[in-house]
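Below: one structure, written as structure tokens.
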């Protein structure tokens with residue numbers, strides 16, 4: 001679908017939104033200032049600046065007053081013709097004020113006939129254009145936020161399964177494991193030395209008991225857990241990749257996709273060009289010069305527009321770059337025509353200021369056409385179905401975030417394992433040894449120590465056990481909470497016996513959300529479901545009776561957020577539903593086989 005020029009569809013209705021009108025007024029005031037600055041003496045500059053500031057403030061006030069009138073009369077949509085009439089009224093009223101202020105500050109204005117032409121251009125074209133864009137701004141922002149969310153989710157998924165991330169994960173595992181093994185080796189050697197000392201049973205115990213407190217292992221566990229909880233909020237995806245920055249980074253990729261599928265029409269290039277160049281011609285050209293120059297520019301703009309579109313459709317790798325260069329050159333047409341005019345006349349009145357014709361005009365035209373290509377309504381449909389290809393900068397940022405997620409999650413897993421398995425085993429061993437000493441049972445004493453030393457030789461044997469069935473995994477994760485809270489679990493029949501490397505991740509997600517519901521929400525009842533949501537997706541939904549509502553935004557960023565992001569690639573949400581809190585998360589199952597289909 002190609003963009004339609006609003007002037008050709010006057011029957012259409014457009015939402016009234018004055019939000020961007022102050023922006024339009026400021027831009028127009030700046031353009032008028034540049035024009036008057038080129039015509040006024042430098043000694044009158046302070047008066048000119050003061051007049052423009054006062055005029056800008058009053059014009060914005062007038063636009064706000066007009067917007068209030070429309071709101072009070074319940075006029076929510078207007079035709080392009082009505083918008084143009086409104087614009088001409090506002091700009092015309094502003095010109096009357098302009099003339100009054102100019103007389104006060106001693107600023108010379110162009111003739112009333114020239115100003116009338118500018119009023120018609122600004123009021124009938126630029127004013128409605130900003131009104132229409134303002135009316136669609138929410139849809140534009142919503143679509144881009146959705147695009148941003150889908151893009152980051154897709155990039156996370158791609159990064160999570162990339163070779164670089166897998167290598168980074170191995171490095172993280174190796175580093176933590178080596179520290180863990182080193183601490184266990186020191187403990188093992190110290191216990192073995194006392195065990196083989198030949199001392200009496202009680203003396204051995206007195207020497208070994210302090211070692212069983214596992215101070216070094218406890219320090220390691222704490223350092224890993226602190227590492228996983230003291231997270232810099234700036235690492236959060238939504239903060240580190242600001243929407244505007246992301247739009248700038250992705251602009252060229254979006255532009256390429258949209259130009260290939262829905263290029264602008266020739267009339268679009270002509271429409272914007274005429275709206276930009278006509279006020280310049282009115283300001284600096286006589287009537288006869290205008291009547292000669294304007295048709296020439298119209299002919300040239302349609303020739304260049306056709307050339308731009310033809311270049312964009314080319315198969316060359318440089319086609320789009322060449323088309324962008326042509327757009328910039330199109331903005332230089334007034335300068336070229338003006339130079340050509342100097343061959344026939346030396347009248348200085350016809351000379352456009354070089355900073356306007358050679359700099360401001362081409363840059364403004366180029367930026368407007370590039371942005372219009374991406375932000376027009378027909379382009380939004382392309383954004384909805386974009387292939388979600390991330391640029392190199394974004395890819396690297398997301399890879400760093402995913403790598404950080406792995407680091408924090410693995411650190412937490414190891415901290416829990418060391419604290420829950422190894423230190424618990426040391427504490428239990430200490431109690432058994434004390435009991436053996438009290439009963440003078442050397443056999444039990446020796447057997448208990450041998451068992452401990454054997455486990456210290458291979459301390460991580462239980463860390464990476466084989467993947468269990470999903471139902472068993474969830475049961476083991478939920479067992480510690482039973483009795484504290486009523487948990488009702490529903491698992492799709494096709495998923496109960498599923499064995500997959502991601503089953504453990506599902507368990508971690510559910511363990512974390514249950515913990516959050518109880519600790520943060522004070523929940524007493526939790527309904528949990530795990531269902532198939534696609535060929536390779538499952539959806540986890542939890543509904544609880546939490547008395548403490550979740551935060552209104554997901555700006556907080558702790559270990560739980562990292563676990564959810566790593567599992568779902570950002571596809572999760574927490575919302576308040578009546579008096580309950582609902583958690584939703586979608587995650588893919590990375591396996592060679594697809595999930596069982598619903599029969």
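Residue numbering: from 1, along the chain as shown.
Yeah, the Cβs are placed from backbone N, Cα and C, and that goes for glycine too.
Automatic prediction, not curation, is the source of TrEMBL annotations.
Features reported for this protein in TrEMBL:
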{"type": "TRANSMEM", "residues": "20-37", "note": "transmembrane segment"}
{"type": "TRANSMEM", "residues": "49-66", "note": "transmembrane segment"}
{"type": "TRANSMEM", "residues": "78-101", "note": "transmembrane segment"}
{"type": "TRANSMEM", "residues": "113-135", "note": "transmembrane segment"}
{"type": "TRANSMEM", "residues": "266-285", "note": "transmembrane segment"}
{"type": "TRANSMEM", "residues": "291-309", "note": "transmembrane segment"}
{"type": "TRANSMEM", "residues": "321-340", "note": "transmembrane segment"}
{"type": "TRANSMEM", "residues": "352-368", "note": "transmembrane segment"}
Counting only residues 6+ away from its ends, which parts of the chain sit with a Cβ under 8 Å from the transmembrane segment (352-368)? 34-35, 38, 272-273, 276-277, 280, 284, 324, 327-332, 334-335, 338
Considering only Cβ pairs under 8 Å, which range in 78-101, 266-285, 291-309 makes the most contacts with the transmembrane segment (20-37)? 266-285
Report, as numbers and ranges, every residue of the chain located at least six residues beyond the transmembrane segment (321-340) whose Cβ falls under 8 Å of a Cβ in that stretch; write 'none' if there are none. 259, 269, 273, 276-277, 280-281, 293, 296-297, 300-301, 304-305, 307-308, 311-312, 314, 350-352, 354, 357-358, 361-366, 369-370
